Amino acid sequence: MDDNKRPLYLPFAGPAILEAPLINKGSAFTEEERIFFNLEGLLPHVIETIEEQASRAYDQYKNFSNDLDKHIYLRNIQDTNETLYYRLVQNHITEMMPIIYTPTVGMACERFSKDYRRNRGLFISYANKDRIDDILNNSTRQKVKIIVVTDGERILGLGDQGIGGMGIPIGKLSLYTSCGGISPAYTLPVTLDVGTDNPHLLEDPMYMGMRSPRIGGEEYKEFVEAFMQAVNRRWPDALIQFEDFAQKNAMPLLERYKDQYCCFNDDIQGTAAVTVGSLLAACKAAKSKLSEQRITFLGAGSAGCGIAEAIVAQMVSEGISEAQARKQVFMVDRWGMLQSNMPNLLPFQQKLAQQCDDLTNWDNFSDNISLLDVVNNAKPTVLIGVSGAPGLFTEEIIKAMHSHCPRPIVFPLSNPTSRVEATPKDILHWTQGKALVATGSPFEPVVIDDTTYEIAQCNNSYIFPGIGLGVLASGAKRVSDAMLMASSRALAECSPLAIDGEGSLLPKLEDIHLVSKRIAFAVARVAIEEGHALPTTKELLTYAIEDNFWTAEYRSYKRTAF
């Protein structure tokens, strides 16, 4: 029997039920439940359906005039009645995703301490480093299967937000549920409070985190190690997603733990997977291969390099050598294009630096090759922005790219909207509507000469919920590169533009449940093939995915002995 249809036996009654967001039904408690659980008189007389509740909640939602207030309102529903919250969000997913996650969640993180209302998740401070096991045991969620953890140091494009970064794990897990069907009872947001280097927070009397500079070095490594070991003791089968760690920690933590635990870094691997999936869809629409493209990145941090490495892997899978694939990828950061003779390149940047001997025929060859120089010399067909710096895809650069590429692929992916390298409207106007555009944050459709262009949001929410569902359904013990590549290919197969020759580059968010299930199946199949999960048939795997897919419906309650 579907878990949603089984009665749930509860050992408590009265107001305590109304204070438990995973259990509370509000006005939807039946007459029998109100009697058995001592709720008579605590609720208005009328018994409502969840759709009636959602209709009222949506009317209230529309009365708020700004996005931050809407975010706070939705979070209040989440903290009082999670089933209603997810029914409401799922009914209006396209409208509400930018409110519960990017870009609005960035403002919520900045105001986290000022707007704090109710506890959610776990805050593990360095001061309590010797009591992490006890803290995990204090969690209100007992059967945790997915954890999203941050240390708040690199929140979107906003930098160090300290414990305010908790808004990101909360938002991400909301998408695991609303997009990927993961029961909210299985999710846990965690913030590692290691201090902050943000002077505004240190001086803010309302800041609720540790008011001390961030720890680093061996102290930091030992603290994260203690956390990972404690989680493995408490929930050995849980999937751990690293979120918004600073560049200096993100890649080292991923490299350290990816072969020890079931974990991944969404900023590096999730962003890479959705970008590769979007590129594969764009290439299909243009009737070409990814291995035929010349790709330029603006931004050579851990996220940009993670995307680049995933692109190289996909190119190699299409039949070209790794050396040739790397020659077709050009990384530009604040110091110019990465070159092999540059000092102080980070380990993950070194493999993506262009060999100086290959650049001697370039115009303006120097130690500092600008983005425009790269566009004019390398003649890229794909331009990807992960710089976090607004306006750097200028009209001159886009037009220079378009002059040698009839249908350029341009992905300004930086979040939030205020950090985007160029707006879709500008890119499409500068290319007379020829560019294939996807962005990291949501944008309205663009109209040029009576033609409407839907702007695909190259958002990780297309990928990570499906990965989580696939891991849960298969029981996978690791998240491998091949599993991530499978998620990219599955996403590309869902592209309306690639399939039908028209429409958006990525599926509509209204279809996200179907997309997540398709990705989950692809991810789980590879997990089984690689030995990360036990063998099963396609039919049983499909059943497991459906069985693990939670829907926002109320269960009936029965009272058990105290």
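For all residues, glycine too, the Cβ spot is worked out from N, Cα and C.
These figures come from a predicted structure and were not determined experimentally.
When the candidates Asp197, Asp204, Asp267 are compared with the divalent metal cation site entry in Swiss-Prot, which names Glu243, Asp244, the shared residue is Asp267. Going by what Swiss-Prot states, the NAD(+) site holds Asp267, Asn415, and the candidate of Arg131, Arg141, Arg154 recorded there is Arg154. Taking Lys172 (active site, proton acceptor) as the reference point, the recorded positions whose C-alpha atoms are within 10 Å of its C-alpha, out of Tyr101, Arg154, Glu243, are Tyr101, Glu243. Within 8 A of the CB centroid of the NAD(+) site residues Arg154, Asp267, Asn415, the other residues of that chain are Ile155, Leu156, Gly157, Asp244, Ala303, Gly388. All protein chains shown were included, and the count of other CB atoms within 10 Å of the CB of Asn415 (NAD(+) binding site) stands at 24. A distance of 12 Å separates the Cα atom of Asn415 (NAD(+) binding site) from that of Asp244 (divalent metal cation binding site). Sequence-distant neighbours of Asp267 (NAD(+) binding site) (same chain, 6+ apart, CB under 8 A from its CB) are Phe242, Glu243, Asp244, Phe245, Ala250, Ser302, Ala303, Gly306. The separation of Tyr101 (active site, proton donor) from Arg154 (NAD(+) binding site), Cα to Cα, is 16 Å.
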